[in-house]
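Sequence annotations record features per position, and here Swiss-Prot assigns N6-acetyllysine to Lys35, Lys56, Lys142, Lys358, Lys366, Lys409, Lys411, Lys424, Lys434. The feature site 'Transition state stabilizer' is assigned by Swiss-Prot to Asn169, with similarity to another entry given as support. What Swiss-Prot records for Gly245, Ser246, Thr247, Glu248, Val249, Gly250 is NAD(+) binding site, and it gives similarity to another entry as the kind of evidence. According to Swiss-Prot, the active site, proton acceptor annotation covers Glu268. Here Swiss-Prot flags Cys302 as active site, nucleophile, drawing on sequence analysis.
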Amino acid sequence: AAAATQAVPAPNQQPEVFYNQIFINNEWHDAVSKKTFPTVNPSTGEVICQVAAGDKEDVDRAVKAARAAFQLGSPWRRMDASDRGRLLNRLADLIERDRTYLAALETLDNGKPYVISYLVDLDMVLKCLRYYAGWADKYHGKTIPIDGDFFSYTRHEPVGVCGQIIPWNFPLLMQAAKLGPALATGNVVVMKVAEQTPLTALYVANLTKEAGFPPGVVNVVPGFGPTAGAAIASHEDVDKVAFTGSTEVGHLIQVAAGRSNLKKVTLELGGKSPNIIVSDADMDWAVEQAHFALFFNQGQCCGAGSRTFVQEDVYAEFVERSVARAKSRVVGNPFDSQTEQGPQVDETQFNKVLGYIKSGKEEGAKLLCGGGAAADRGYFIQPTVFGDVQDGMTIAKEEIFGPVMQILKFKTIEEVVGRANNSKYGLAAAVFTKDLDKANYLSQALQAGTVWINCYDVFGAQSPFGGYKMSGNGRELGEYGLQAYTEVKTVTIKVPQKNS
């Protein structure tokens, strides 16, 4: 890690903001209402700049631009699939050119450590866009041997105008994961970026213009969920909506889609993912990975390993070592290369997490370390570990989205399966064991869209991610991620004579 850190270029800790308006038709606009909102540096609580506050009227303008770009005969609809791939590769090249700037801007607006922004987030952004660039001319239909004198085949056609609503925890990465499959398959996009972290997505919007995407293909509207987000979800001329965020808002989006034009919906929502430490696990590795599973990204991961189930005969040792690791975690200025943990994204999240810590103490969980603010200013929270957590406690059931680890004890594999699955969520799960039979059994028994064995938070552009139950609908990334962005059309032609 130290060697990798040395390879990271020094950041500008005060990166200039070039774009803070609404991006429609490859042009920058103020909000129709002229309203703005502040975006804040979570390390200091200070305002970085004002950003145009998009609302229903701005979404309407963006949808009109997108619909015009999607008309039959338009440059985008007439473009060869291979050229769509070329544009995505060009976009990735431009992001790579500006990688140092974008990583610094992400850290300024989001608070995540700059080294992570540069090495993890930006790396995955590039891989994701290039992966989908490769799919552009390879995701196609089939010819079908239908009975009779007919020729039948399928076409994979773009869905059309895609509303995409992205969260604040991985702004650049979530933007790439949604733009990649949508643009590779020929769709047009109206994207609503999180009000907490709009700056990097707006910069990338300008790069889509520089890359050569035609006007109206990519439109980006900063704004709030109840206004701009709701306008997208309920819009009669949006063909599909994709949302990443809380399960609570996911409900609202699915309802709005149903009440309007029954647009297609994909949702990647919350989680309370179980991380199961079997007694035969490699203890050094399990402790470090369980720490990473929960504390990575300030605990602000939908798939965080937020219920750490530890088999009883290694429970005491695991707890002791996990507390020591949490106490050694370096919290501080995210631009410092030694920092492991920056601030929570904003004051709302900061207070929410502290509220969950209070609840854990009140309900009888054992606070083993942390438990409070970690600085006099900014939204920093101490790495916190609770032991003796019971399944019925609020901190064991609800998504905290912060640096708060819950450790629970279990006896048997059968018992832990039932407890792990006793959740409204089903996003991810993990198992640490050297026993292949236990790993295999648990990978099948756990109700989760992703199961990691002897690892955690391993993502690839090639592997799909999504949830069971109330963790969402559909999958993102991988070949599976293309399905939500295409309509399958069957074409059948009468022929004089069919031969094999």
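Heads up, the Cβ atoms here are built off N, Cα and C, so glycines get one too.
Of the chain residues outside the NAD(+) site list Gly245, Ser246, Thr247, Glu248, Val249, Gly250, Phe243, His251, Leu252, Ile253, Leu269, Gly270 have their Cβ within 8 Å of the site's Cβ mean position. Listed in sequence order, the residues of the same chain lying 6 or more apart from Lys35 (N6-acetyllysine) and placing their CB within less than 8 Å of its CB are Ala52, Ala53, Asp55. Long-range Cβ neighbours of Lys358 (N6-acetyllysine) (same chain, at least 6 residues apart, Cβ-Cβ under 8 Å): none. Most Cβ neighbours within 10 Å among the modified residues Lys366, Lys409, Lys411, Lys424: this distinction goes to Lys409. Ranked by CA distance from Val249 (NAD(+) binding site), the modified residues Lys142, Lys366, Lys409, Lys424, Lys434 have Lys424 at the top as the closest.
Within 10 Å of the Cβ of Gly250 (NAD(+) binding site) there are 23 other Cβ atoms, across all protein chains. Lys56 (N6-acetyllysine) and Lys411 (N6-acetyllysine) are 54 Å apart (CA-CA, integer value). The two recorded residues, Lys424 (N6-acetyllysine) and Glu268 (active site, proton acceptor), have Cα atoms 14 Å apart. Ser246 (NAD(+) binding site) and the residue listed as 'active site, proton acceptor' have their C-alpha atoms 8 Å apart, to the nearest angstrom.
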